Amino acid sequence: MANITKKVSWSSRGDESGAAGEETPLLNGSEQSRPLRQSLDYDNIENQLFLEEERRMSFMAFRCLEISRWVICGLIGFLTGLIACFIDIAVEQLAGLKYKLIKENIVKFTEAGGLSISLLLWAALNSFCVMFGAIIVAFFEPIAAGSGIPQIKCFLNGVKIPRVVRLKTLVVKVVGVIFSVVGGLAVGKEGPMIHSGAVLAAGVSQGRSTSLKRDFKIFEYFRRDTEKRDFVSAGAAAGVSAAFGAPVGGVLFSLEEGASFWNQMLTWRIFFASMISTFTLNFFLSIYHNKPGDLSNPGLINFGRFESEAMEYNLYEIPLFIAMGAIGGGLGAFFNFLNYWLTIFRIRYVHRPCLQVMEAMLVAAVTATVAFVMIYFSTDCQPLGPDHTEEYPLQLFCADGEYNSMATTFFNTPERSVRSLFHNPTGTYNALTLGLFTLTYFFLACWTYGLAVSAGVFIPSLLIGAAWGRLCGILLASTTSTASLWTDPGKYALIGAAAQLGGIVRMTLSLTVIMVEATGNVTYGLPIMLVLMTAKIVGDYFQEGLYDLHIKLGSVPFLHWEAPATSHWLTAREVMSSPVTCLNRIEKVGTIVDTLSNTSTNHNGFPVVVQPAKLCGLILRSQLIVLLKHKVFVELARSRLTQRKLQLKDFRDAYPRFPPIQSIHVSQDERECMMDLTEFMNPTPYTVPQDTSLPRVFKLFRALGLRHLVVVDDDNRVVGLVTRKDLARYHVGKHGLEELHLAQT
């Protein structure tokens, strides 16, 4: 393996720190050791118990299972829509109270003097809201921080992220995002909806809550990773659909960003969940707005309709749109670069919960101060017409009948600011206002993403892009004598928003459809697609996407769609882990207990062999623990003829929190007993010869969602085992094929 550059360590173990490269300080600087990442079992275990259960099931039982899947998807969509509705109403009510209070205070002190009191009030209200949101995240459920999209991407990729789909995570996520948005941070509530939908899906599909210790005795058949993955895909799609009113975009998001497995029926079910989600949100918001039946609020963010003649575009504008895409890609890469090093700093120095809460409060206070100063010194006054759309117009030092234009961007929820940038008439903003706003909001959003608060990056990205996009439109109109060519800066705001978001998150297919569905105008499909493609190409040249960077920072062995391009010369023999801990088909209980108790290896899959070391099956740690718990020993089976035969239900009841081996008591006499693994092992595990190339191994592993792949020689003897970390450690970098040292998975 001389041609591979050994580049960077993803492990936080001290013995590997010497081999680390330039990025090592990030992970070794953390005061706590990072948890070892486990994989999920996306491959069905076709053992004798599984085959017997399948034989017993009638045709009607299979039909009932299929109907159950549709019912679960409907429930996922309905509940996701309800949560989105709750978040939207809570944010609107609380933000409304805050802005009215601050506005009254500013109006009062503008005349009387002493506006510093208004600034203190604004900063204090923001800090208080954010403090509450940060405390529940930092002290009660740290996994609820951020948007949750990187974690859900990892889950769907086959990596077990602890606590990511717990009920407690959902509660903290929902409450946290409400207080983050109300606290005036440069965040959006759309990203966390995807995580919320996924948590709901994982809970509903299991028919029980392990957090509440309640089992409703329904949907028991779906208590395995394979089924849960499909439902989590539906939950993520329903979250996108509720956030943007884009059911097709939700389906494509799950396909593009997450799912490692896909088929036609799954597509239908996910689309069904997405449609139910957006309809539920639409219906309940229509009741809230006293217009029952008026289904005009399909998502949490409504871009408004781009239907006026002024919004039409011409062929000669497409090169301009592509150039804006390149600008968005460059700005997005710069955003990601800054956030990457900021996250490294946080992992090293801001890892204590109290420090995380203090940082969040500081950002909230600084955001309010910057906004206040920008509004205070702004001289951009616009006439307040009878048909104005401003929610909280601030007059400040403007003449009567006018309002401060800078206040429209800052003194509002981010979603309303985006809509005003898209649709406010020409002349509403001047170039200086938009330039200053873009500059300040860019750095505020960059500083905010990664705080210990529940928040998304979608809306801040759209807002930054919409501001500089509208600025481009204004500058184009001012540089040409025929201003009618560039009639409406709103369309440039839309293109800028797409370019900025694409440059930061690097989504293409799903984001194009989301933007088209959210604008309600399919004619913008081509320019949006070209802009997003350009933003991705330019951004990828400099830096990875934001979600991929945070996945890498989390030391997650994430498998991309394809193996590294220059890896065909590598074989399974060079990639695999060896030697392998194998078990005999009839094994001594003491040997099994010792193997599972060995903390230095902590293996999760064991090839089962018959002498001389020939493979006859594969058994998982979780299965062995259930067998030990139920004491399925050969001697006991002979002595007690009436002993109940173990069924798949016993394994499903223990899922997903299998007890640790330390909690299972095995007496000295029982250690001498034997355990027959024939009935429980998977007799047909996937295997590859030693000389199989890395791309072939990768394709088999990734497409089938495997956890273990056994490497055998010509005589079917076990020579090695390929796991996720063996494949994830290779990637193409600046120095060709690079090898990363990963922690054991």
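Placed from the backbone N, Cα and C atoms, the Cβ positions cover glycine too.
Annotated features, as they stand in TrEMBL:
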type: COMPBIAS; residues: 1-12; note: compositional bias 'Polar residues'
type: DOMAIN; residues: 681-739; note: domain 'CBS'
type: REGION; residues: 1-34; note: region 'Disordered'
type: TRANSMEM; residues: 70-91; note: transmembrane segment
type: TRANSMEM; residues: 119-140; note: transmembrane segment
type: TRANSMEM; residues: 170-188; note: transmembrane segment
type: TRANSMEM; residues: 231-254; note: transmembrane segment
type: TRANSMEM; residues: 266-288; note: transmembrane segment
type: TRANSMEM; residues: 318-342; note: transmembrane segment
type: TRANSMEM; residues: 354-377; note: transmembrane segment
type: TRANSMEM; residues: 441-471; note: transmembrane segment
type: TRANSMEM; residues: 492-516; note: transmembrane segment
type: TRANSMEM; residues: 522-542; note: transmembrane segment
Which residues of the chain, 6 or more past the ends of the transmembrane segment (492-516), have a CB below 8 A from one of its CBs? 240, 244, 246, 248-250, 252-253, 255-257, 303, 306, 321, 324-325, 327-333, 335-336, 418, 421-422, 457-458, 461-473, 476, 486, 522, 524-525, 527-529, 531-536, 538-540, 544-548
Are the transmembrane segment (266-288) and the transmembrane segment (441-471) close, by which I mean at least 3 Cβ pairs under 8 Å that are 6+ residues apart in sequence? no
Mind checking which residues of the chain, 6+ beyond the ends of the transmembrane segment (354-377), have their Cβ under 8 Å from one of its Cβ atoms? 115, 118-119, 122-123, 125-127, 129-131, 133-135, 137-139, 183-186, 346, 394, 396, 404, 406-407, 410-411, 436-437, 440, 444, 447-448, 451-453
Sequence gap of 6 or more, Cβ distance under 8 Å, 3 or more pairs: do the transmembrane segment (318-342) and the transmembrane segment (441-471) meet that? yes
Counting CB pairs under 8 Å, which listed stretch among 70-91, 119-140, 170-188 touches the transmembrane segment (441-471) the most? 170-188
Per-residue pLDDT averaged over the domain 'CBS' (681-739), given as an integer: 88
Which bits of the chain, at least 6 residues beyond where the transmembrane segment (170-188) starts or stops, bring a Cβ under 8 A of a Cβ in it? 83, 86-87, 90-91, 94-95, 98, 122, 125-130, 132-134, 136-137, 140-141, 144, 148, 195-196, 199-200, 203, 301, 363-364, 367-368, 371, 413-415, 441, 444-445, 447-449, 451, 453-460, 462-463
Could you tell me how many residues in the domain 'CBS' (681-739) are helical, how many are strand and how many are coil under DSSP? 16 helix, 23 strand, 20 coil
